[in-house]
Amino acid sequence: SFARGLRFQLKRRNTSAFAGQLRPDPGPGSLLRRHSVEPERRRGCVQQQRSLDSLDHHTALIHRHHYAATLPHADSLCDKIDIEDLGEDENMLFVKFFKYYRCYDLIPVSAKLVVFDTELLVKKAFFALVSNGVRAAPLWDSAKQEFIGMLTITDFIYILRNYYKSPLVRMDELEEQKIKTWRKVLNDTSRPLVHIGPDASLCDAITTLIHNKVHRLPVIDPQTGNVLYVLTHKRILRFLFLYYYELPHPSYLDHTLRVLKIGTYENIATTKPSTPLIVALNQFIKRRVSALPVVNDQGKVVDIYAKFDVINLAAEKTYNNLDITIKKALEHRDQYFEGVLKCTLDDTLMAVMERIVKAEVHRLVVVDEEDHVVGIISLSDILSFLVLKPLGMERPDRNRASEATSLPVHEENESEESHDDDGGGAADKSQAEQSTSESQPPDEP
């Protein structure tokens, strides 16, 4: 039986080569925190440094260094979890896993967190995101002395759409506007920041992410008010894979996407290489998606344009011309592109999870035998299936906007079409009514 199989897991099995690739490096920069029960000890290893650099007095870059000598590795699940509690219900395996570990267990021992003061100019904020290699940052209100939201790539898209006229007209507002002014324009000043405490379970974190339709969840120390880390679907699934090959595998992992009906398979937003960039930006907002498969005239997927690619406009200061084509915009990628990550309806859930984690992407494009786009499967689709479904918790209606996001719905989460990503920010709520509903893959013949 499944429960009997669980008992045999007390003896650690050798992990595969793939699992080895996912484990942290032995260096202090990659260590994970131990399951924590000593809050004061944890907080004692957090130090702050404010670096003004060349970004003037409105910039607040807070670097939090966590030292390896303070706390050791996270212990193996197999050494600690009471696996017999699962009984015969294999569907509860990953629920048990995520309920056991705390948010603090996922925080690296060495990490850098970039924080922006709301007095910072919007333009400098996005330049800082690029220069620090991050996709979003918590916002600090000096007057209130508290964190009030997140600045993400979705905000950048809203700003571009709001002020772009033509290639001949400079976007002076982008050059001069402060973050706090932009928040007032969006009427987001009263919306509370969605966050979580370090001692909350990862199961709670997943539920909060999905039900609030956000993709970035700040972990805030309740005593100091400091942001310790920012959780994402991607980081949570990667944490699972540190232990994935030591855990028994429920039988449904060997079932196909066609059988499990995970993902979105109708009304998929796509674009063409010749589409103007401003049209694609409008699609991101109106369709509430975070990535657009790029298809040729035959309908075959040849590339993908994601919200994250938009940040390259800030990196190269080319945001004054949004009439360039998608093909031209994709030439400005700052990283080597290995091609569109794809799967089919006949791939198993295990294969899909491995592909997503190994490639460190947020979604796979589901294609048919001719490479035509038939659907999208995202990180939140997978986590919802692994955690929310066994708990009997319905995923929120994708036709409704979240009423409790930090700035409007952080991004690309899935009140959209399951196109997961890292952007998301202050402005998605206003367009939520236009999101599409969840659909199911075609049945097997």
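Backbone N, Cα and C define each Cβ position, glycine as well.
Remember, TrEMBL labels are computer predictions, not curated facts.
According to TrEMBL, the compositional bias 'Polar residues' annotation covers 432-445.
For 106-168 (among others), the entry in TrEMBL reads domain 'CBS'.
What TrEMBL lists as domain 'CBS' is 189-251 (among others). Averaged over the domain 'CBS' (189-251), the predicted model reaches a pLDDT of 93.
The feature domain 'CBS' is assigned by TrEMBL to 262-324 (among others).
The domain 'CBS' feature in TrEMBL is assigned to 336-393 (among others).
Among the features that TrEMBL reports, region 'Disordered' is placed at 397-445.
Note on the domain 'CBS' (262-324): DSSP counts are 19 helix, 15 strand, 29 coil. For the domain 'CBS' (336-393), the DSSP-based tally of helix, strand and coil residues reads 21 helix, 15 strand, 22 coil.
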